[in-house]
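K.L.:
Quick one: the structure is below, and I'll ask about it shortly.
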Amino acid sequence: MYTKLSLFPRKSSSLLSIANEKRIHQFLRNLCTAVERLDFGNSNDSSEMNPREGYNGRIQNRTGSSGEVSESIHTQSQSLGSNQGRNEQSWKQSPSLSNSQVQSQYQGNWYGTNSDYQNGVGSSWHSGKTIDREVYDMIMEFDEYCIQENVRVALTTMEKLEKKGYVMDFVRLLKLTQLCREGNVYYEVSVLEEAKVSVLAKIRALVNNLEANYLKYYTDIMIEEYDAFCKHGKVKKALYTIDILASMNYVVDLSRLLRLAKICGEAEGLQEAKTVHGKISASVSHLDLSSNHVLLEMYSNCGLANEAASVFEKMSEKNLETWCIIIRCFAKNGFGEDAIDMFSRFKEEGNIPDGQLFRGIFYACGMLGDVDEGLLHFESMSRDYGIAPSIEDYVSLVEMYALPGFLDEALEFVERMPMEPNVDVWETLMNLSRVHGNLELGDYCAEVVEFLDPTRLNKQSREGFIPVKASDVEKESLKKRSGILHGVKSSMQEFRAGDTNLPENDELFQLLRNLKMHMVEVGYVAETRMALHDIDQESKETLLLGHSERIAFARAVLNSAPRKPFTVIKNLRVCVDCHNALKIMSDIVGREVITRDIKRFHQMKNGACTCKDYW
């Protein structure tokens, strides 16, 4: 996990946030130098210090707070600096030393420290024990394997060291836990999880003997790292930090867990969302209304409508906002009919809707392509509930028309509005016109938007593209990301159209060709107009096989458990041919596939999609 894991400076780990990297690096350097390399052979200090008390005895005598602990460690590290350099230089100048000479020079002066240290940091070697060159080399090898992220060999090396009586130190265990958490995707996840549990148990054993002041200081650092990961959207690393804090007997509070839940929704981390929900449920026996709303929003943004419905049904208290969230969740994830049914249930329970709830219904009708029902609800809004339509309601109605592609009707509705359409109305129509390929109408709307509010149009909008937020441009760094796959061995992978450099390239495309044969048998006809190159028909069909979402689909089928659902996230709108192909392939392999493009979620199962082919 941390930067200083061996006798010599190493490259900084990507796990550390920029804000704390230098400070923690310096702290760990001081800690490793002062605690893990105590020189019991130093004539000036040996008479003052009982090896059975360890360095922590000095901390208790000289300090009273976590800040003073850090200062004490720093002071001790300075006193040991010259001796450390002398020993390292001696090692380099004497490569042919015998084991006995190594034992003589390095007795008590390397990573081996007193097993009775109350802070539990370091190895379990007593000051009277000696270390041979073989163990020393194995420790150096372990550090190198961690730097190279070679999980398999690092675990094997740790087992060999334990057989020789060396107990891994606290910092190295943290690093190894990180590698087990983020391990190589081609290494068996079951092995990594088993190793992670084992390593966390070792950390917990060390923490049980950790001195209180040092434990508080180290815990504070880990909490700062957790907050930094949440701030920068690093969900997996934040979850890893929670595991480390749990092994240190620290329970993350509910407010921090809810913050992570919001980040999961923004990052669309499906498995992580369920993990965070489990940790939240374990931390408190009863969630209040606002906490449940966070969970509903998280599952809604991740495309997990069933999980959101489960949270909704378990809620003992609901208000108007609760119903708005669940109706919007069903609508945006392709369950428009369920959204309408939920609205009917809302009215049957004697509740009175507001404009926001009706806007959710308009959106659901638009996703269903049922404009007529949406207009009936619009009439009911003012007739039955006395709600005067606002400009936000008219924006939602324009969206309802345009979502299924009724662009001419949407323009006619705008021209018949009883109030002057504002920039939001024209911007909504502009975006959806370009999504559906009506560039002429999109350009016309763009001219109106520029006249009303020029700040609404960025460079992409003026050039005829769908407007994107500045934050999205920064996040993507203007780099095209194609199919992103969630759910394969609890990992996320990225694919690009036509990528032939994958480790399993032959198997992937062979599977796609076999699936195509079965698809043709059930009536599939390739939409070759989606292949824009000037090539023959057969070449176009071959080109379509290399679309990123199909590669992601094949990768999931080959590398995940049978019948297990998975998710494909597309950075652009899913093309018609891939949409049809994914529906049929999901039926052939018996999988549920959740596909997310720039417009909506598609949940494909048994050859059908929740979007009803409206997207």
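Glycine is no exception: its Cβ is also placed from the backbone N, Cα and C atoms.
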K.L.:
Can you say which of 118-148, 366-396, 490-520 is given as region 'Type E(+) motif' in Swiss-Prot?
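P.N.:
Based on what Swiss-Prot states, region 'Type E(+) motif' spans 490-520.
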K.L.:
At a C-beta cut-off of under 8 Å, are there same-chain residues at least 6 beyond the repeat 'PPR 2' (319-353) that contact it? List them, or none.
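P.N.:
Distant contacts of the repeat 'PPR 2' (319-353): 289, 292-293, 296-297, 299-300, 303, 305, 308-309, 312, 360-361, 363-365, 367-368, 370, 373, 381, 385, 387, 600-603, 609-612.
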K.L.:
What parts of the chain pack near the repeat 'PPR 3' (354-389), using Cβ distances under 8 Å and only residues at least 6 beyond its ends?
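P.N.:
Distant Cβ neighbours of the repeat 'PPR 3' (354-389) are 320, 323-324, 327-328, 330-332, 334, 336-337, 339-340, 343, 346, 396-397, 399-404, 406, 409, 600, 611-612, 614.
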K.L.:
With DSSP helix as H/G/I and strand as E/B, how many residues of the repeat 'PPR 2' (319-353) fall in helix, strand and coil?
P.N.:
26 helix, 0 strand, 9 coil
K.L.:
Determine how many residues of the repeat 'PPR 1' (288-318) DSSP places in helix, in strand and in coil.
P.N.:
24 helix, 0 strand, 7 coil
K.L.:
Pop the mean pLDDT for the region 'Type E(+) motif' (490-520) in here, whole number is fine.
P.N.:
75
